[in-house]
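Novice: Here's a structure for you.
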Amino acid sequence: TRSLSITSAESSFEKAQGEKVTLPCTFVLSEEDEGLLDIEWVLIPADIQKKEETIILYSADRIYNHYYPAMSGRLQFTSSDPKSGDGSVDILNLKSADTGTYQCKVKKAPGVQSHKIQLTVLVKPASTKCSIEGSQEIGKDITLKCVSQEGTPLLSYDWRRAAGTKDLPATSVLNKNTGELLLKNASMDYSGVYSCISSNRVGTDECSIELNVTPPINTAGIIAGAIVGTLLGLSLLAFLVFCCCKKHREKKYEKEVHHEIREDVLPPKSRSSTARSYIGSNRSSLGSMSPSNMEGYTKTPYSQVPSEDFERTSGQNQTFASSKVAAPNLSRMGAVPVMIPAQSKDGSIV
C-alpha cells in the first residue's frame, strides 16, 4: 500500500543577509489519502523547552500567514496552488534572526509526513577598516591592522600590495584570523599601497592604506631645540616679572614720599591774621586788668610772638628802637594802662 511521501532531499542552507531562500517541500499523494490536505511550516526553537511556532499554513484550500509577525510580508508559498504537490516556501530579505530549524508537515488522512531543514543566515563582511601601528621609520617594526565592523564569523583576512607593485615583503608575517600584517625591520622599499580583503562563506569586503617609510627623525636636535626654546621663554618671563615688580616698587615709593611730605609740611598761615590775633588777644587780656593787678603783670616773652609778624628791615629796627613812646597818664583817664611792646637793639621786648 502506498501513502503520502515527501520527495525533497535538501536539509540545510546557508544564505547571506538580505538575500532570498526557498525552503523545498515537494510531496506525492497516494490513492488511499482521501482526507483534507494540510501543509504546515513550523519553526523549531533552539531551546527544547520552548514550543514550536507555526509560521504559515495551507488548509482547506486557504493560506494562513499571520502566525509569525517577525516574518510578516517576507514569507510566502512558492506555488500559488500548494495542493499540486509543491508546499515549498520563500523567505525574502533574510535577516540573521531567521537562522533556525524549519519543518514542513504534510497531512492528508491517513498519510502524514514531515521534513526538517536547517537555515543559516550569514552576514557579509562590511565596514572594513585598515590602520597602521608603529612608527613609519626605517629599521622599525610596523604592523598593518585590518578589521570588519560587521560580518558573521569566522572571518578570514588577507593582505596584498596594490596592482603593479611588488609582492609582500619577505620579512612580513600574516595572521589571517586577526587581520594583522607584521613588517619587520622596515625599509623604504616597503612603502606603497596595501589592501586587506576580509571574507566569509557569503561575501567579501576590502580596505586600503598607504605606507610611507621615512628616515629616522633627528630627535636629539628636536630635544635640544625644545630645551633652548624653553629656557628662552623662562628668561623672558623672568625679565617681565622683574620689570613689573620694579615698576610696582617705584610707584609705591613715590606714593609713600608724597604722603610723608603732605603730613610733615603744614600750610602757611597769614601774617596779618596771626599778628592781629596775637595783639587782639593781648589787648583783651590787658583791658581786663585793673590798676590793682598791674603789678603782677609779666611781660610776654618775645619767643611767644610769631617772628614773621614783626619782621622789619635793619633800618626800620634801628628807627623803631631810637624812638620814645610816651605813655599817657592812665590813672587820670580812669582807664587801664596798655603796654605797647618795643624792640631793643638786641631783639628783646621792652
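Note that Cβ sites are derived from N, Cα and C of the backbone, with glycine treated the same way.
Residues annotated as compositional bias 'Polar residues' in TrEMBL: 270-306, 313-322. Positions annotated as domain 'Ig-like' by TrEMBL: 2-120, 125-214. According to TrEMBL, the region 'Disordered' annotation covers 264-323. According to TrEMBL, the transmembrane segment annotation covers 222-245.
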Novice: Where DSSP helix means H, G or I and strand means E or B, what are the helix, strand and coil counts for the domain 'Ig-like' (2-120)?
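Specialist: Breakdown, helix to coil: 9 helix, 57 strand, 53 coil.
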Novice: DSSP helix, strand and coil counts for the domain 'Ig-like' (125-214)?
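Specialist: Looking at the domain 'Ig-like' (125-214) with DSSP, the answer is 3 helix, 51 strand, 36 coil.
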